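Novice: I'd like to ask some things about the structure below.
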Amino acid sequence: MGPNTVDRALEAAEHDAATPISPTQTHHELPHRTSAEIERVISASSVSSASSTHSARSRRPSTVGTGIIGVGMSRISTSRDLPPAELGRIQTARSQHSATVGRSIRSRRSRASLAKPLPPFGAGKPYPPLLPNQEDFVVEFDGPDDPLHAQNWPMAKKLLTATMLGYTTMIASFGSSIFSAATRAVAADFGVSPDLSLLGVSLYVLGFATGPTFWAPLSELKGRRLPLVASMFGFTIFNLACGTAKDFQTVLITRFFAGFFGACPLAVVAAVFSDMFDNRTRGMAITVFSMTVFSGPMLAPFIGGYMVEDESIGWRWTAYLMAIMGVIAFIIDLIYLEETYPPVILVSKAAELRRRTLNWGIHAKQEEIEIDVKELITKNFSRPMRLLFCEPIVTLLSVYMAFIYGLLYLFLTAYPFVFMGVHGMSAGVAGLTFFGMIIGQLLAGATVLMQQPWYARKLAANNGVPVPEWRLPSVIAGGVAFSIGLFWFGWTGFTKDIHWIWPTLSGLMTGFGLASIFLQALNYLVDSYLMFAASAIAGNTFLRSLAGAAFPLFARYMFEGMGIQWASTLLGCIAVALVPIPVIFYMYGDRIRAKSAYAPTFGAGPEVAESETGDDFELGHGEKEQPSSVPRTDMDTAQRAV
């Protein structure tokens, strides 16, 4: 099918989408659509197809509430089934492109740039005429089954990619805690206190807080592969530098930057899985990925403990081991990892077509992006902070998850305090007791996976429209289990008269609760904020990483001053007090989101105001969002069904 034919088919689809739904047509009368179809159509609807030239933009109509929105933007309604031609045209990288840093037309239309005269074209040549229709020169995927799109890769290739990235993520989280076993040896080597040497753990986790502000936008601009490969190279270098450090301050500096580079897979790998898997399978993929994130810190202490105990190895080999694991990940990712980000895949396709056809007008939408420092700051710091402090859902869930995440790293001090201090175990043997938490986390992951058929049935019954509150029962159950685990740990670990297996088994509850809370709470944030999900997760990550950095610093003082049983009781009571947070959102989450300035309204009627540029839509408090294609009545019906 030629480009003109596809254009005409798309125009017909847009005209059909612009046709208003009859008031008598209810949600249940809408044609059924699978989850994958819903996902792809919604993604395409969030896209601006604006021309990069101001003159071209000025020639296009701007209509709010119809099929043609702003500057040539297409809004495809989920209330219409699209034939393959239209769906093929729509299934492009524009879903990600609209929210990419540098995409905003306003960032490229400053008054200074418009007032500045154009330089001469050169060699006495006049400026060439504009392209007849720039959209005709934009490359697209060849239908929904295009093999270039990562979601259409063979399953074996997806699993190989997932395995590589799972290993890459695991070593990043592994590195956060292996140093905890070496803190006393580092303190003795450099003549500092053991408490000061704990900064090696805290600064690494602090790198986790700052790293995503760089790696996430880079992955949107240049694709997933470049930041992942570059970060593993930096991760390897700084771990080597840590192992060869001649003074204590070098250890701290290199640990921070090792965490900064190690934050990349934590921020980007989940996005790679979103590129490869659709709504029906992504939940399972993200669950497996999350297991590598939370199991890594628990696997490291016993390995580090045995290494430090052996005088022929010593603490420096904890850093060398991370460097070896990092260089393996770097080589594997460099050779075998392929790009999965659709806009960047199209950039490569456009480059090949330009070379082979010598038609230099061919390009991808991603190539129209220009970096704007103000927009970088807004999207990657200002907006996440506004979401973190102004949105009740993000604020309260982030506080809850920060407490849980802080305790994950507090356990790196509390477990040795119990099993080495009370039961007299060596560092290596004491590290083995973390396997109770690892098993608990695996049980939580298995539980979430077993819930997938139930979730799929709910999704199908709701015409493919997900309801965020479906995620929360697991969070509630996890909160209860985590609280029980804390009381169990404290009141069975404070005396050696109680066998060591009992505080070890408490890890089943704490591990199960920790993983259950994180797995589904993050999914809830994504489902609730859709186009601002990255900002919501960024704010959440920032707060919980600060907690993860701070909690180990006071852990020893708290357990020594209050006693193991009472310190654990205090933490358990706080955990109990936080359990109602997901309960409240389960009951009233739909009403809270309806009042949100950032959560999508799932409707684009007259209340949606057109911005000055004609291609963004007012969401509230100065924020912009492309309208969702899901009718508000559909979502209201779904929410009442919870």
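The backbone N, Cα and C atoms fix where each Cβ goes, and this holds for glycine too.
For reference, TrEMBL lists these features for the protein:
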type: COMPBIAS; residues: 43-55; note: compositional bias 'Low complexity'
type: COMPBIAS; residues: 633-642; note: compositional bias 'Basic and acidic residues'
type: DOMAIN; residues: 161-592; note: domain 'Major facilitator superfamily (MFS) profile'
type: TRANSMEM; residues: 164-186; note: transmembrane segment
type: TRANSMEM; residues: 198-216; note: transmembrane segment
type: TRANSMEM; residues: 228-246; note: transmembrane segment
type: TRANSMEM; residues: 252-273; note: transmembrane segment
type: TRANSMEM; residues: 285-307; note: transmembrane segment
type: TRANSMEM; residues: 319-337; note: transmembrane segment
type: TRANSMEM; residues: 387-412; note: transmembrane segment
type: TRANSMEM; residues: 424-449; note: transmembrane segment
type: TRANSMEM; residues: 470-494; note: transmembrane segment
type: TRANSMEM; residues: 500-522; note: transmembrane segment
type: TRANSMEM; residues: 529-554; note: transmembrane segment
type: TRANSMEM; residues: 566-588; note: transmembrane segment
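For each listed feature, how buried is it and what is near it?
Specialist: Residues 165, 168, 171-172, 175, 215, 254-255, 257-258, 260-265, 268-269, 272, 316-320, 322-323, 326-327, 329-330, 333-334, 337 of the same chain lie 6 or more positions beyond the ends of the transmembrane segment (228-246) yet place their CB under 8 Å from a CB of it.
Below 8 angstroms of C-beta separation, residues 161-162, 165-166, 168-169, 171-173, 175-176, 179, 199-201, 203-212, 214-216, 219, 224, 227-228, 230-232, 234-235, 238-239, 241-242, 245, 282, 285-286, 289, 293, 319, 322, 340-341, 541 of the same chain, each at least six residues beyond the ends of the transmembrane segment (252-273), sit close to that stretch.
Outside the transmembrane segment (285-307) by six or more residues, the chain places 162, 165-167, 169-182, 266, 269-270, 273, 276-277, 313-315, 317-318, 321, 408-409, 412, 415-416, 426-432, 434-435, 437-438, 441-442, 445, 448-449, 511, 514-515, 518-519, 522-523 with a CB less than 8 A from a CB of the stretch.
Same-chain residues lying 6+ beyond the ends of the transmembrane segment (319-337) with a Cβ under 8 Å from its Cβ atoms: 160-161, 164-165, 167-168, 171, 174-175, 178-179, 225, 228-229, 232-233, 235-237, 239-240, 242-243, 254, 258, 303, 307.
Residues 181, 283-284, 287-288, 290-291, 294-295, 298-306, 308-309, 411, 415-416, 474, 478, 485, 496, 500, 503-516, 519-520 of the same chain sit 6 or more residues outside the transmembrane segment (424-449) yet have a Cβ under 8 Å from a Cβ within it.
Remote same-chain partners of the transmembrane segment (529-554), defined as residues 6 or more beyond its termini with a Cβ less than 8 Å from a stretch Cβ, comprise 46, 99, 180, 195, 198-199, 201-203, 205-206, 208-209, 212-213, 216, 266-267, 379-380, 383-385, 387-388, 391, 394, 397-399, 401-410, 412-413, 522, 598-600, 623, 625-626, 628.
Beyond its flanks by at least six residues, the transmembrane segment (566-588) meets 393, 396-397, 399-400, 403-404, 407, 410, 414, 469, 472-473, 475-476, 479-480, 482-483, 486-487, 489-491, 493, 521, 524, 558-559, 642 of its own chain at Cβ-Cβ distances under 8 Å.
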Novice: In the same chain, which residue numbers or ranges, 6 or more beyond the ends of the transmembrane segment (198-216), come under 8 angstroms Cβ to Cβ?
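Specialist: Same-chain residues near the transmembrane segment (198-216) but 6 or more away: 175-177, 179-180, 182-183, 186, 227, 231, 251-252, 255-264, 266-268, 271, 380-381, 409, 412-413, 534, 538, 541-542, 545-546, 548-550, 552-553.
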Novice: Given the model, what does the mean pLDDT over the domain 'Major facilitator superfamily (MFS) profile' (161-592) come out as?
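Specialist: Here the mean pLDDT over the domain 'Major facilitator superfamily (MFS) profile' (161-592) amounts to 90.
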